[in-house]
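Engineer: I'd like to ask some things about the structure below.
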Amino acid sequence: MPYTLDTAPWLILLAAGQGTRLAAAAGCPKQFLTVDSVPLFWLSVRTCSRVARLGGVVFVFPKDTFESSRDLVRELDRLEPCGLNMAFAVGGARRQDSVASGLAVVPQSARFVLVHDAARPFFSPGLVNALLDRLEAGAQAVIPGLAVTDTIKVVNKAGLVCATPDRSTLRAVQTPQGFSRRALAEAHRTLNTPENTVTDDASLMEEAGHEVLVIDGEAGNIKITNPEDLQLLKKKAETGAEDGSSCTKQAAPDQTVPGQAVSGQAGENGSPAAPDNPDTTGCLVPCTGFGYDVHRYGGDRPLVLAGVPIPCDFQVRAHSDGDVLLHALMDALLGLFGQGDIGMLFPDNDPRYDGADSAQLLAEVLQRMRQARVRLTHADVTVVAQKPRLSPHKKAMQESLCRLLGLGPEHVNVKATTEEGLGFTGDLSGIKAYATVCGLKSETI
């Protein structure tokens, strides 16, 4: 579903907890632990930056460190731009109060809102997209959960067993959790009272009479809670450091880190992580893709390249938004895993794609790429236009592509050139783009 900047979903990142169990061992609240040279909460931001559909993040910080935490976020975003809008809110005494504070600053035009605990840094972009897919399909509340494999006992204050629930009906619930913004705001307005304390927002939605849909969670999406979890962080860092070999064996569930690989020590840089490695037992085979696209000038679509608006007098003719660079890139990606071209996937005679945001179409292509067990490793793109002059916009285009693809700047190259007045670009009839991508495809052995 295409979004405008006004209606795009937002994520509320809860980083206001005291975390007393872990803080005593670590010397600071868990969300501020340094991992891969950044605070733990920033790992969630890195993952969010790889979800094209998200419009922004609300950071909820403790009152006593609010200003310093806000300044820290701004500095982190200066050093490692995440490409997301940002807002800030002061946390409350209870988790639900912190959520209410965050909801108050989410744009009222946003259709959906996600609520996420900063202590769960290992969720994947795929999980966020799965939540948004269900919300777009009409659900009011969607949460991830895992089937319970242990036998659960209900006990009384004396420690005696009162009941043994059927574990086939039980789910261990995770975050992020997704909601209709209006429905969640109304639930907080009517049910978030001093007498009613809940442990997650899905509980408030249940009390408000809404159906809550549970989708599959992720085994690696664990919550950092106890001092022992510091060792788990270290283990996950070691697992991430081993990634990238030509042949990989599937990790055990407690070693799998969906999304950003982390290090317990300061890393050499803060580049966004590459897209998730497909779960596989086998070899990673190199593959390449090439894409080309062209658009005429003289239309009614403002010029946009890599999702970046280009101020100029030229407009393009197009069925979608006419982002020639992203169109060439999508064709290259589809070639990477052998699934045709964008004309087959997004036909220009289909009214669903009239004016469609190409960043949203790219997100669908990337999802198909992951399903095909392919990991993108490098992208090289060239835009050809006599006018407008594009060199001043290359950095912004590169940063946008890094965010959309989940690659560091060393793996995304953007070039702009002219044809010295020759051809249809030379006579200002249009603009074209080329893209070449490299990746690794999982092959079972």
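In case you wondered, yes, glycine gets a Cβ from its N, Cα and C as well.
Small disclaimer: the values here were computed from a predicted structure and weren't measured.
Heads up, here are the entries from TrEMBL:
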| type | residues | note |
| --- | --- | --- |
| BINDING | ASP293, HIS295, HIS327 | divalent metal cation binding site |
| BINDING | 293-295, 319-320, 341-343, 346-350, 417-420, PHE424 | 4-CDP-2-C-methyl-D-erythritol 2-phosphate binding site |
| DOMAIN | 288-437 | domain '2-C-methyl-D-erythritol 2,4-cyclodiphosphate synthase' |
| REGION | 1-286 | region '2-C-methyl-D-erythritol 4-phosphate cytidylyltransferase' |
| REGION | 241-278 | region 'Disordered' |
| REGION | 287-445 | region '2-C-methyl-D-erythritol 2,4-cyclodiphosphate synthase' |
| SITE | ARG21 | site 'Transition state stabilizer' |
| SITE | LYS30 | site 'Transition state stabilizer' |
| SITE | ARG167 | site 'Positions MEP for the nucleophilic attack' |
| SITE | LYS223 | site 'Positions MEP for the nucleophilic attack' |
| SITE | HIS319 | site 'Transition state stabilizer' |
| SITE | THR418 | site 'Transition state stabilizer' |
Engineer: Check each residue in the chain of HIS327 (divalent metal cation binding site) that is at least six apart in sequence and keep those whose C-beta is under 8 Å from its C-beta; list them in sequence order.
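Structural biologist: Looking at Cβ-Cβ distances below 8 Å from HIS327 (divalent metal cation binding site), excluding near sequence neighbours, one finds GLY291, ASP293, SER320, ILE342, SER358, ALA433.
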Engineer: If you count CB neighbours within 10 Å, which one among the binding-site residues ASP293, ASP350, GLU419 has the smallest count?
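Structural biologist: Counting other Cβ atoms within 10 Å of each of the binding-site residues ASP293, ASP350, GLU419 gives the minimum at ASP350.
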Engineer: Using the Cβ center of ASP293, HIS295, HIS327 as the divalent metal cation site position, which other residues in that chain lie within 8 Å, going by their Cβ?
Structural biologist: VAL294, ALA318, GLY322, ASP323, VAL324, LEU325, LEU326, ALA328, LYS432, ALA433
Engineer: Long-range neighbours only, meaning 6 or more apart in sequence with Cβ under 8 Å: which ones does THR418 (site 'Transition state stabilizer') have?
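Structural biologist: Those within reach of THR418 (site 'Transition state stabilizer'), by Cβ under 8 Å and sequence separation of 6 or more, are VAL384, ALA385, GLN386, THR425, GLY426.
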Engineer: Per DSSP, what is the residue tally for the domain '2-C-methyl-D-erythritol 2,4-cyclodiphosphate synthase' (288-437) in helix, strand and coil?
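Structural biologist: Final tally across the stretch: 56 helix, 46 strand, 48 coil.
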Engineer: For ARG167 (site 'Positions MEP for the nucleophilic attack'), write down the residues of its own chain that are at least 6 apart in sequence and whose Cβ falls under 8 Å from its Cβ; none is a fine answer.
Structural biologist: ALA147, VAL148, THR149, ASP150, THR151, ILE152
Engineer: Any idea what the model's mean pLDDT is for the region '2-C-methyl-D-erythritol 2,4-cyclodiphosphate synthase' (287-445)?
Structural biologist: 89
Engineer: CB neighbours of PRO347 (4-CDP-2-C-methyl-D-erythritol 2-phosphate binding site) within 10 A?
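Structural biologist: I get 12 for this one.
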Engineer: Which residues in the same chain, at least 6 apart in sequence, have a Cβ under 8 Å from the Cβ of HIS295 (divalent metal cation binding site)?
Structural biologist: VAL316, ARG317, ALA318, GLY322, VAL324, GLY430, ILE431, LYS432
Engineer: Can you tell me the three-state DSSP label for ARG167 (site 'Positions MEP for the nucleophilic attack')?
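Structural biologist: SS state of ARG167 (site 'Positions MEP for the nucleophilic attack') = helix.
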Engineer: Quick one: give me the count of other CB atoms within 10 A of the CB of ILE342 (4-CDP-2-C-methyl-D-erythritol 2-phosphate binding site).
Structural biologist: 24
Engineer: I'd like the Cβ neighbour count for HIS319 (4-CDP-2-C-methyl-D-erythritol 2-phosphate binding site), meaning other Cβ atoms within 10 Å of its Cβ, all protein chains included.
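Structural biologist: There are 16 such Cβ atoms around HIS319 (4-CDP-2-C-methyl-D-erythritol 2-phosphate binding site).
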Engineer: Could you measure between GLU419 (4-CDP-2-C-methyl-D-erythritol 2-phosphate binding site) and LYS223 (site 'Positions MEP for the nucleophilic attack') for me? Cα positions, answer in whole angstrom.
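Structural biologist: About 54 Å separates the two Cα atoms.
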